[in-house]
Amino acid sequence: MTVEDIFTGIAAYLRGFLAGAPPWVVTLAIGVLYLIGVLAFIFLNALYLIYLERKISAYMQQRIGPNRLGPHGLLQSVADAVKLLGKEDIIPRGADRWVFIIAPVLIFIPATMLYAVIPFGKGMVPADLNIGVFYFLAVASTTTIAILMGGWGANNKYALLGSMRCVAQMVSYEIPLTFSILGVIMLAGSLQTSQIVAAQGKIWYILLQPLAFIIYFIAATAEVNRAPFDLVEGEQEIIAGPYTEYTGMRYALFYLSEYANLVSVSALAVTLFLGGWQGPWLPSWLWFLIKVYIMIFIFMWVRWTFPRIRIDHLLSFNWKVLLPLSLANILVTGVGIKIYQLLTLGRW
């Protein structure tokens, strides 16, 4: 039995095991099981990717990186997590207490919800919605609320400035990000992530939509606050931005959400442009993970290669370059589809 068979058989097994129970009980049980799997995936990825990024940055800067705990420093992230668990939970004087407390939880919830529509392999989609891409974009946009709450609730000018930067940056770059995805949707004729992957059986959309992929990558880098667009927490200017006053596990939730979002935007890029789980010989889930980690490596490589840019240059580049290019890509895609229909089907 393959991993795909196990994944797709979970729902059938639970329905048989809970035969006679109300439908909502079965649905709830399946949802809880999928949630546990997604949370385990997020936590394991965060531990591994933090270590990987530190090693990659060390290699690019001719350093060694973590090498003390475990073989080649593999347990360094575990030690950091244990350290954060033991940190004192501090709430600043004058802070808006409940806003300050709730913000880290609110940013982690949408970061988890994004994985509901990610096709991890053939038949391995937790919730294969017919509006999957729209769901992903809608849920991802809510993270700005939590970051703004964190900056406001801390009663710190640097935190508030960082959160305001975040809102300006993420709201601006959501537009070309969405427009870059529209070209793929036009080609696939569906918003369902599994159908978009299936439509790339003959050719990956990165070959048909290279400009859209570049726009998506740049906009996604800004959306997840990765360098060179990490102005939300520019250390030299505003310390840690909206995370300045957070300690312990509250800070860890922000950090965990950052890597969860990095994996999710990489997974969406693989789904939309790189053929998703499709590939020869290897299992579908393994192909998907390989492509996702290649995308993550590219994000990390960009972070440690390019310098941080100014906020005015960041926003100007979005409105004057990315947005017109994304609109032009939609126009060219639409014309190309019509020409293809005319040549192959004989109709306009």
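Note: Cβ is positioned from N, Cα and C throughout, glycine not excepted.
Look at Swiss-Prot and you will find 1-21 (among others) tagged as transmembrane segment, backed by sequence analysis.
Per Swiss-Prot, the feature transmembrane segment maps to 24-44 (among others).
Taken from Swiss-Prot, the feature transmembrane segment covers 98-118 (among others), and the record attributes it to sequence analysis.
Residues or ranges marked as transmembrane segment by Swiss-Prot: 131-151 (among others).
Look at Swiss-Prot and you will find 171-191 (among others) tagged as transmembrane segment.
Among the features that Swiss-Prot reports, transmembrane segment is placed at 203-223 (among others).
Remote same-chain partners of the transmembrane segment (253-273), defined as residues 6 or more beyond its termini with a Cβ less than 8 Å from a stretch Cβ, comprise 42-43, 45-46, 49-50, 104-105, 107-108, 111-112, 114-115, 118-119, 133, 136, 140, 143, 150, 181, 184, 193, 196-197, 204-206, 209, 212-213, 216-217, 220, 223-226, 242-243, 246, 288, 291-293, 295-296, 299. Marked as transmembrane segment by Swiss-Prot: 253-273 (among others).
Beyond the ends of the transmembrane segment (282-302), by six or more residues, the same chain brings 2-4, 7, 49, 52-53, 56-57, 60, 119-122, 124, 217, 221, 224, 226-228, 262-263, 266-267, 269-270, 274-276 to within a C-beta distance below 8 angstroms of the stretch. Sequence annotations record features per position, and here Swiss-Prot assigns transmembrane segment to 282-302 (among others).
Residues annotated as transmembrane segment in Swiss-Prot: 317-337 (among others).
Contacts between the transmembrane segment (317-337) and the transmembrane segment (131-151): absent, as fewer than 3 C-beta pairs lie under 8 angstroms at sequence separation of six or more.
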